[in-house]
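Enquirer: I'd like to ask some things about the structure below.
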């Protein structure tokens, strides 16, 4: 080699050695100087914390039949974060998945996007880091393909997970009472301590309504913690530490599946029959209450829906249907959240109020066909005159004019249009004592308080509405005047009247109140517990659906008992008097038609019809009852909106319910000897449920599916006359129903007296 | 003079003595021992990286590869390197043919590079490894022609060398195999400068390489994954799932080894397969994690011995051709060593190059041992009078 090469060789020598030295230096820096740091990073790298889900508890009825249970399903889920990381954002994977599952790519793409403002369902309402369940009815072959061809389906998993199952035992749906689950939202994760995302898509759900929501903490259980060693693909190579999950508790309710099934059948039958008669019958509700304990035996609301639509992600159509008015908003539990004018069923409050105010319980009062309240005549229903009658008769034949008289005279004594300083308002006070106008405190969410339209309410309502009324008093109703000048003028007159003194509690308000009309609103549950108080001697319960929570090992974790929330300020002789009067209603009074041929010797049913007029709509049909009359055990209340008189629609439904509960039509009774179990069903550690002594979980009398048996049809001649000629007192509008219903324009709210 | 080994004693010479007297005695033993040590360490590390799969398949194949490599190296050692001049065109032609075949449908793609020919029976050939041998021999042949009076090669020789080198380099770039391309560039510059070529050529070539790199960079001729690999080393968090992930995991594995390492077979990052390609390109992370600074530095030192001996052989070569062959081998191995370890410790971008003598891989092992054989044959014949 030449001299030039030698020099360059030395340069190369130096270069090579310095490169090696720099490698050594870098190793020194990484391993010696920063070794501790990297050791810690490495530990974080390979230990994963896994939340082990606790299986959610079941919901059982009073003898241990399942209302909600779990079934194991193969759930296909998609990990959004893994999809996003893919080069095409997961498009190819979703396309393959859509092909495999027999659906379309765009449908899957909609399901895996995140819900947010302006994004309609379907979308994922849960945390972005949770796997999103796509399908929970995948057959094993497809699931296997997904798991075995992970290279084709990165970010997609198929695993066995427990999902909610609704067996509809004995035909009982109780959809609104049971409620439903929805994915935990990020907000809920942040706000509720102890909630953990498990990564098991089927379990990261939270009760969003009904019992599932109220008892979520009991049903959910405590997820376990497992720290595992993983490799780069997340495959578990070992366990570092483990804390097992504590299973969710089983909720035993006081709902009896058999009675619930009977109630639902009776209601849907009543709605069907009303529709055959030409009424819309657009909603219905029913409550069965144990008067001695305040426990709910059945709670039904129509229209209803199949709760299994929530399982495995709800589709856009299904979700729209649940919310749409066209489908009657089936999510709303009308038994607890719906507010309706109670009509004459309200008289069990007005009567003792009058007696307390000094009217003799044994007095004889005139029942003319109409009564002058101030300058306006308030008529009896159908304009009948009853002659001079006692209060017993007034209840049996449902005379209104007696109550108008009481209310008007009391109103005058309170000062009339210029009220005294502390008006007595006996009827309003008694209504509040019966628990109306406030929530019952039942263990269900979304309960409505109802409304007692007393003086304070009128004032606050006037404050809310006078601005609009006063504006309308000036401008009138030009848009209505175009087509109907008379009506526009009439509305303008009301507006100016309301503008000036809309806060005054008027004679007409008092008269309407006494018969459960006007602005009075109650929930079916409130009415049921008022009748329970009447039946049990005066105890007002805060009812409960839940009875106890049982731990997976069978021990009772906690008991849930109804709370006494008040006592009726009514002497027992007055209560006895009213109960006796109501005993005659089905026998010879307004409900005699519906109860024609009823075996009163086997079960003495007492009750009261109610026909509430609703402005612009057909009447709300009510029947509130209790039995056995001499020693009451249960209250049954039924209500059907836009369905005619109480006698026509609600009373037959209630009759059907009593017959089913006590087995009066030859079938075995739903309640053996008319009893519900006091004791709880027991849970064996293996999960089998044993009914309390004297009761059986399995039923031997499977009901045929669309049963069309013995619907008591009222005798033809006892059918009430059509609606036109029975306009009574003032017409009112319904301002009841659910909170999300739009309220009608305030100017329309009051009719002239 | 009485022979020390004469008489009865001489006839009954022991076997070691006989071996010492043979040409084997004149082998560069430091070089050979360093290579063997690296091979043994490499085999153990390959086993450590692959034993989690529950089989010793990789280890067995690796040992087989090493054995074949040793034979190829021995044959090369036995050849008079001067004869290689005659064979150089054949070696070169075979290398180019192999590289061309790879680009046909016969070639197979592994890890994003279309660099393989599947032979069958689970064996694959990577022609670019053998092309490195061809490149070294060809450049040395052209630029190491015996010259009279001239200090360095003439312009014609240089242009011819560059032209012939451009063919395999172009074929490799088409695969695309950035790592091998860079090895070629290093070898070309190294051999050219050591051949005594004028400064202008050497400087111009380095400048041209730099300019080409910049051009390629700015005109986005590189595929996106190549750019990613290149930039990820600077900021591993930029692409935590791709090349950045590799760089980050490699750094974590090496760093967590500390001074003494977690012990052989006790590397938890290794057992968890956090570092990809751990038995091939990222084998050094196993050493870093399980053997610590001590073990990692030992490997660097052993590779240093190999390069140092190679440079010594280049300096003491009997002729320019031998010197340039040795220089080419040193440039090749040096670049691969620095690039491979550099990328695992985060001071070089990630390219697909194995660590000489340590990484798993048949073609690379064969080529590396042939390279050692080249060094040995040049060393054996460094005395022109023998």
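Cβ coordinates are placed from backbone N, Cα and C, and glycine is handled just like the others.
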Enquirer: Among B:29-50, B:117-138, where does TrEMBL put the label transmembrane segment?
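Expert: From TrEMBL, the annotated transmembrane segment range turns out to be B:29-50.
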Enquirer: Checking feature assignment: transmembrane segment per TrEMBL, candidates B:202-220, B:221-239. Which range matches?
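Expert: TrEMBL lists transmembrane segment for residues B:202-220.
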Enquirer: Which range is it, out of B:162-179, B:180-197, B:252-269, that shows up in TrEMBL as transmembrane segment?
Expert: B:180-197
Enquirer: For the transmembrane segment (B:29-50), which recorded stretch in the set B:90-110, B:180-197, B:291-308, B:320-338 gives the largest number of Cβ pairs separated by under 8 Å?
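Expert: When the Cβ pairs under 8 Å are tallied, B:291-308 comes out ahead.
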Enquirer: Under 8 Å between C-beta atoms and at least six residues away from its ends: which parts of the chain pack against the transmembrane segment (B:358-378)?
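Expert: Contacts of the transmembrane segment (B:358-378) (Cβ under 8 Å, skipping residues fewer than 6 from its ends): 27-28, 31-32, 35, 38-39, 41-42, 45-46, 49-50, 58, 61-62, 65-66, 68-70, 72-81, 84, 123-127, 129-130, 132-133, 136-137, 279-281, 283-284, 287, 299, 306, 309-310, 313-314, 317-318, 322-323, 325-326, 329, 332-333, 340.
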Enquirer: Suppose I define contact as three or more CB-CB distances under 8 A, residues 6 or more apart in sequence; do the transmembrane segment (B:62-83) and the transmembrane segment (B:291-308) meet it?
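Expert: Contact criterion not met.
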Enquirer: Can you name the far-off residues of the same chain, 6+ from the ends of the transmembrane segment (B:180-197), with a Cβ under 8 Å from a Cβ of it?
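Expert: Residues 115, 128-129, 131-132, 135-136, 139-140, 143-144, 151-153, 158, 161-162, 165, 168-169, 172-173, 205-206, 209, 314, 320, 323-324, 327-328, 330-332, 334-336, 339, 351, 353.
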